[in-house]
C-alpha cells in the first residue's frame, strides 16, 4: 500500500508497480470514441511515454496502446495509487509549504471515491470532468506540490504539470488552465482527439481546479431555485404536497433529492445507473427508491395526499416518467407534477451524459462507442420524445425550467419543439434557463456560491465556521440592508442553521453559502481571525463554484440574462482569473467548458488559503471584493437594473471603486426613427 509520503516522492519507477487489471467492481467512465488515425494513435502513445525514462518504454508501450484501443484514452491504470484517497488532515500531508499542503488536501478530496464519479479515470463529476488526464500526472503533481517553496509557482496546462517556476511570495502558488484551445478548434470532435492525444483536458468547473466539494456544492443553489420557483410560479412559500420531477443522480445532480427534501416538497428523480442511485440512497440523499413505474405513481399520489416530504429515486429513464405523467393526466385528469427540470449531463449527450429511452443502460454503454451514429440518433429521438411530453404537461400548468446543463440546447439541435428564439443572442427558449428566471437576479445582487473547506478535517471546525457565519449574516441584517438583499440573507441564515442536521458533507469538511461581497469579506476575515486565535485547528480554504457572479461567461447559463449582445463574449471570466491572481489568490484556474459543455463556456475560479496571517486577511479583502464586483459591473453595463443598484451602493462604500455606468435609452422609438424604420 502506498502512503501519503510515497505519493509525494514522485512516479514509482524502480521497481515499477505491478500491472493490475481495471477494477470492474467500481463505476467507470464511458469508453471514448476519438476516431484517431494510425498516425494519431502513434502520437498519443508517444506523448504518454514522455513521462517515463526510455528504458521503460518497451514495457509500458503495449499496455498503454491497449488502454487507448480499449477505452479511447490512456489512463495509466498501473499507476493508480494503492492507498485510500481522501482529504487527509493538512497536518498529515508532507509538504514544505502550508498552502501547497492545502492544495493537496483539495486534490485528494476530488479523487475520493465517495466524492468522485469515476475515480479510476480521474473524473470528479459531469461524466467527463477530469481532475487530471492520467495517473502519471498525479504523481508528478504531488511531488511538485510537496517540494514547493514560498516563492515558486506551479503551472498546470490541461492536467500536465509544466513545472515549478520562480515567482514571489505574493504570487499564486498554482496557476491552472484547462482546455484553452484556439476557438476555431473548440468543437466536440476536436476535443475527443486532443484528449486522446493527452494534450488538452475538460476540467468542468471545479474538478480541474480542485475545488469540488461533492453534491453539497449544488444542493444550496438547487434549494434556492426550487424555493424561488415555487414563490414565483406556484405562488406558495410552503411546498408541502408539491411535486418536483427531474433526472440525474450522478455527480452534482445527486444534490437534487436532498434539495427537494430541504424545501419540504416531493422530489422525484430518475436515474438509469443503479450504482449511482444506490450510492445516493446509502448516503441518505434519497429517502426511497423504486424500479416499478406503477409503484412510483402510487407513492407520488400518496405523498401528495398526505403532504409528505419525500425524495424518491426511480431506477429507470426519465422519458418514461414524463410520458407516464401525460398518460395519468389524459386518463384520470390528475396533473401529478408541479415543477420540472432536468440535470443529466447534456453537455456531453453522446458519450454518457444522456441515455436514450429506447434501449437499456447496459446496451447504451456498448452502443455509444460501437455504433456512435446510431447512438446519436437514439439520443436525439429520445430528447424529442421527452420535450413532447414536457410540452403537454406545461400546457396544463406545470412549470419547467432549463437547469443550465445544455438540455434545451441539445433538444433544439435534435429538432424538438423548444421554441428557440433566433436573433442576436439566440439564448431564449420556450422554457427559461433557471438563471434567466431566478438566479440571474440573485447574481446581479452580488450573491453567489461562496465555499470553504476546513483543512483540519475536524467536523468541529466546520461547526464553528457555521456558527461564525450565521452570526455574521444576522449582524449584517441588523445593521440594515435593502429588502431584496434581506430576503437572500434570511434564506442563507436558514440554510446555515440547518446545514449540520441536513448531513451535507461528503468528503472534505466543507460548506457552501450564497453571499454577496460584504458577507464574503466579513466571513473570510472572521475565519482568518479564528485560525490565528486557535479557535480553528487548521487553515480554511475559500473557493466558490465558477457558476457565480463573475466567474463564468456562458450564454446558455450564467450569462443567459445578458441581453446587450455580449452573452457570447468571455472577457469577464478571463479578467476574473487574472484579477484574482494579482490580488492575492493562492491559486487560480481558467477553463474552456464546464456545465454546458466544451466550446460553450469559459470559466474562472480560485482558491484562497486563510492561514491566520495578517497577509491572508488582506488578500481576502482585496481579492473577494474584485471577485464579486467584476461581475456585478459587467451585468450593470449590460443593462441590468439590480446590478446597477448594487454596484452604485458598492461605490458609495468604497471611494476607490469607479465603475462606468450606462446611459439608458429611455425612448426606444428614437432608435427606429434614426434607422428610418419609423
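Cβ coordinates are placed from backbone N, Cα and C, and glycine is handled just like the others.
Keep in mind that what you see is a predicted model, and the values were worked out from it rather than measured.
If you check TrEMBL, you get these features:
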- 1-33: region 'Disordered' (REGION)
- 85-211: domain 'Urocanase N-terminal' (DOMAIN)
- 214-438: domain 'Urocanase Rossmann-like' (DOMAIN)
- 441-648: domain 'Urocanase C-terminal' (DOMAIN)
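Residues in the domain 'Urocanase N-terminal' (85-211) partition by DSSP class (helix H, G, I; strand E, B; coil) as 45 helix, 24 strand, 58 coil. Counting only same-chain residues 6+ beyond the ends of the region 'Disordered' (1-33), those with a CB under 8 A from a CB of the stretch are 51-53, 56, 59, 63, 70-73, 77-83, 88, 92-95, 104, 113, 117-121, 123, 127-128, 136, 138-140, 142-143, 145-146, 192, 195-196, 273, 275-276, 351-352, 365, 368-369, 372. Taking DSSP states H, G and I as helix and E and B as strand, the region 'Disordered' (1-33) has 4 helix, 0 strand, 29 coil.
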